[in-house]
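Structure, as structure tokens:
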Amino acid sequence: MAASVRLLFRRLARLSHKNITSSAATVSRRPGCCLGPSSSRCISDTAEDRSTHFGFEKVPEAEKAKRVYKVFENVAQKYDVMNDAMSLGVHRLWKDMLLHVMHPQPGARLLDVAGGTGDISFRFLDYILYQQERRKRRAAASSQTPSWQDISDKYPTEDRPQESRAVVCDINKEMLKVGKQRADSMGITSGLSWVVGDAEELPFDDDQFDIYTIAFGIRNVTHIDQTLQEALRVLKPGGRFMCLEFSKVTNPVLAKLYDVYSFQVIPVLGEVIAGDWKSYQYLVESIRKFPDQEEFKGMIEDTGFFCVQYFNFTGGVVALHSGFKL
């Protein structure tokens, strides 16, 4: 209920801002007239006038979200198969590395934004289970000669960690539908929930999650800065932001080969496997429009995250960015 009320207030605030902008535009009709030296936009630049990229195509901001939704609606059923085909299975290693760097502990709460078919959340729950089993084995091994810490741990306390939980949040219902089917087939019945939500306006209260992940999703949003602000808002103090995304290849030779493969092979695979050339042409183009490693790092720092760093995988084909909310 609190989350719904908070969401309503944010929408009203945005509507109010749009009305103020419209009123100001009526007062001054001079093209290029700005509100002041600190204003980054002119009065005549209304929401309808603003544009963004959809791949290499320039489109109105209001149109991009609809077109991206259609892309993933079209590819949802073949999404995981295409990931294997496009990356030759390497995407699995990238995601495993994300969990290795994350190193979550029992009791952690994960928000997996643009989580679609559940790859990151499934890995998170498996990793937590592994950590729990590892603790049990250690406890069994030391039960004959317990330490004071082991003895104290056996006494009940009020600060026992809560159960680990992963929340998959995606704006696309078809992607979530496929994810739920995968969870059912894998026998995952607890510790996982599915939520329809927009990365730019998350349906959660402040300070709710220990870890926020977004894998191969942030380049598809209309406003990256707003998405980062929402990530900061829903994380608890001390929480960690982690973004796995295609980035800028650092090796010139690999970069040329990667370009040839991206533009001449991936759309063909999309047509053959998923029956959809255009969607995968967009996905390739969207990678080229995304900020490089250093630029994206600066955006994360500007949002308010600390200790921001990144790790290049496969020569920069993919980068993992990480930062903390303090």
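For all residues, glycine too, the Cβ spot is worked out from N, Cα and C.
All annotation found in TrEMBL is predicted automatically rather than curated by experts.
Database features, via TrEMBL:
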{"type": "BINDING", "residues": "Thr117, Asp170, Asp198, Ala199", "note": "S-adenosyl-L-methionine binding site"}
{"type": "COMPBIAS", "residues": "141-150", "note": "compositional bias 'Polar residues'"}
{"type": "COMPBIAS", "residues": "151-163", "note": "compositional bias 'Basic and acidic residues'"}
{"type": "REGION", "residues": "138-163", "note": "region 'Disordered'"}
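In sequence order, Val113, Ala114, Cys169, Ile171, Ile214, Gly217, Ile218, Val221, Thr227, Glu230 constitute the residues six or more apart from Ala199 (S-adenosyl-L-methionine binding site) in its chain with CB-CB distances below 8 Å. A C-beta separation below 8 Å, combined with a sequence spacing of at least six in one chain, links Thr117 (S-adenosyl-L-methionine binding site) to Ala76, Tyr79, Asp80, Met175, Val178, Gly179, Arg182.
Summary: among the binding-site residues (Asp170, Asp198), the fewest other C-beta atoms within 10 A of the C-beta are counted at Asp198. The full span of the recorded S-adenosyl-L-methionine binding residues, Thr117, Asp170, Asp198, Ala199, taken as their largest Cα to Cα distance, is 16 Å.
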